[in-house]
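Undergrad: Input: one structure, supplied below.
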Amino acid sequence: MFEEEIHLRDYLNIIRRRKWTILAVVFITVVSVTIYTFRQVPIYQASATIAIEKEAPNVLSFQEVMDFDMEDSTSYQTESKILQSRPIAEEVIRKLALNEFLRQQYAKEPDFFLQRVGNDLLAKVQTLLGKPPAPSETDPEAVEDEQLLDAFYEMVSINPIRGSRLLEIVVRAPDRKLTSQIANTLIDVYMARYLDTKLSTSKEAVRWLEKELEDAKQQVRESEQALQAYKENQAIISVQDQKNIVMQKLSELSTAVNQARINRLKIEAQYNQIQDFERGVLDSLPQVVSNSLIRELKVKLFNLESDLSELLKKFRSKHPTVMAVQSQIDAVHEQIDAEIHQIIRSIKTEYDLARSQENDLLAAMEEQERIAVALNQKTVEYDVLQREVESNRRIYDALLQRMKETSVTERLETSNIRIVERAAVPNFPVAPHRVRNILLSLLIGGVIGLTLAFFAEYWDDRIHTSDDCTRYLEIPFLGIIPKVSTRQILRYAQENARETVVPTIILLDPASPVSESYRGLRTNVTFSSLEKGSVMLITSSEPSEGKSSIASNLAIAMAQSGRRTLLIDCDFRRPMIEHVFQLEENGYGFSDMIVEADHQKTRRANYQTNVENLEVIPCGTMPGNPSELLNSAKTQKIIHALKKTYDILILDSPPVNAVTDPVILSHMVADAVLLIIHAGKTKRRVAQYARDQLLAADANILGGILNKVDVHRNGYYYAYQYRKYYRREEKDKRGDQRLQRRGNGEQPIATPLPPETPLEDPNEEQPVP
């Protein structure tokens, strides 16, 4: 299977094939745009520029008073809309008397023309139906005013200049002087109205500020009185100082409570340690170990126990001396126990004291917290009243300041709108842009032309190039045969003094690129492993694709290469070989050989041509049953017998899609099949159907040949030029031969072989190929 890949050359080939379509679209587009452009009325443009300086906003509301430092981000859009407002436009129209001019401009608008035509048609239809036109509900004067304003707005545009505080007023009109007059008058009317509006706004602002200032003054007075009354009722001298004292004391109590808790926890740990402890454990307490009296008693106890141990070595336990020492030991033990119990009691007392101290501090801190909470409540109410006083004062101060500024503004009567540049009378029109329009039309025409070309190519189901052949038919490509123009055919006929339907170009003009194409086709066919005695069937999918011409010229090319070639006309419906080689119509031919194949000796229908190594067999008598005749075993035997004599047999057969004859021959006798395709005419589906018919008959399709190729359109231009180049080199060498050929009328002529020449016995058992 052939993979369908698209390359850049495919697109270039499409453009080359469709170049006339593209050029026609480009030409029509450029001509249309050029005519339209040169018929347009020249349009002139004048522009003026104004600057909108930054200023404090007009005082029209309370919000604007509080935000007087804020810049209005939509000021440019606002001023642009004001410049295009109806009152300003009407005043400009009135001052310059533009009614008649605008009426003419509006009449040129396409919408007005369509509306007028529609109204006229509607009135005529109603008249034909016998219904009088309904009276208009709108005032004609109002409608005309709207139309004039629309025409005015079409001429004027307001453009903010990015990155600046400038507005550009642009006027476009066919009258060069009027453009500057409209722009300048528009600015004058706008600035006059702006000053009037600003003056009236200042007066309104003063009145509004006076009222608001009195109200703000009363609010300040009332809020200060409320704050003073609250301080007197709550006995507040200085809220902040009192709050600082309470919070400082609360902080100190919190620190003391934390310290007491730590001390209590430490003593509590010691107290818990001595609860229910044995004596040996109590002796290890830090308070016991560090007690100096207990240490002395233990030293004394140690000495007494040492003495007792020495005495027991000498005396018995009941000895008075021993008993006296034992009494002293017991007394020391009692003293130690008494001292330990005293330490335990002191720890318990210390623990109770720590708990009591902690509880007292906690109670004091809770009381201080209640005092702080109460003070905070008073502070909140105090702060609310204080903020209200401060807020009212700020409002009052702001209103007072704005009152002063507004009064000054009213007296100065200045404007923040400044004329930067007035409009001058333009010298040259800005439209139409003739060069740009023509260049754009060239570009647009090219795009449209390419689009149409590719669209047409997409819907084109015909085979044009060798790539189409291999891509869509999936068969090898053997070569192309360039198209021979009608003028060339007539010239060949005149030179050879006869009418010809299928010119044998390879003889008439052997140095031509077409002849070279046949020789190239011969080479490609020869390299396709055809053995001696091979039968090659030449057919096409539809009639008039040039199969007989290719068969004749290819047979001549084969013969010129030294191969003994036999050309057989197997087209029993429209035979052409007899016309090519000037044979008698319906003479003895291939069909007669098949019919006489049952006789003992079948005559040959071979004709010797004036081309060395080339013989032909014409169609012969046209039978009434061509398919049955070709499908017989006699046909197979005759072809097999002829294969023994010739190097190659070329069969010219009918189209595949028209009759079944070529399918029969491809299955029975043909070793290879050449499928002829009319470039730019044969449709893919038609050629694919023919290919499928042949493949279904197990035909060996050697390849496809593109015939009647326009080398200037289908990508073969350079190869064609090379062949023309070599033809020019050989022109001088072959000049004399060509003149002689024209004088002698060299053309293919066939003469019959001796009629007594028999064909090998067709009844003899022959192997079927």
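Start at 1 and count along the chain as shown; that gives each residue its number.
Cβ atoms here come from the backbone N, Cα and C positions, even for glycine.
Just lifted these from TrEMBL, have a look:
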DOMAIN    4-96  domain 'Polysaccharide chain length determinant N-terminal'
TRANSMEM  20-38  transmembrane segment
COILED    199-233  coiled coil
DOMAIN    384-455  domain 'Tyrosine-protein kinase G-rich'
DOMAIN    546-678  domain 'AAA'
COMPBIAS  729-739  compositional bias 'Basic and acidic residues'
REGION    729-769  region 'Disordered'
COMPBIAS  758-769  compositional bias 'Acidic residues'
Undergrad: Can you check how the pLDDT averages out over the domain 'Polysaccharide chain length determinant N-terminal' (4-96)?
TA: 78
Undergrad: What does DSSP give as the helix, strand and coil breakdown of the domain 'Tyrosine-protein kinase G-rich' (384-455)?
TA: 51 helix, 6 strand, 15 coil
Undergrad: Can you break down the domain 'AAA' (546-678) into helix, strand and coil residue counts using DSSP?
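TA: Final tally across the stretch: 51 helix, 25 strand, 57 coil.
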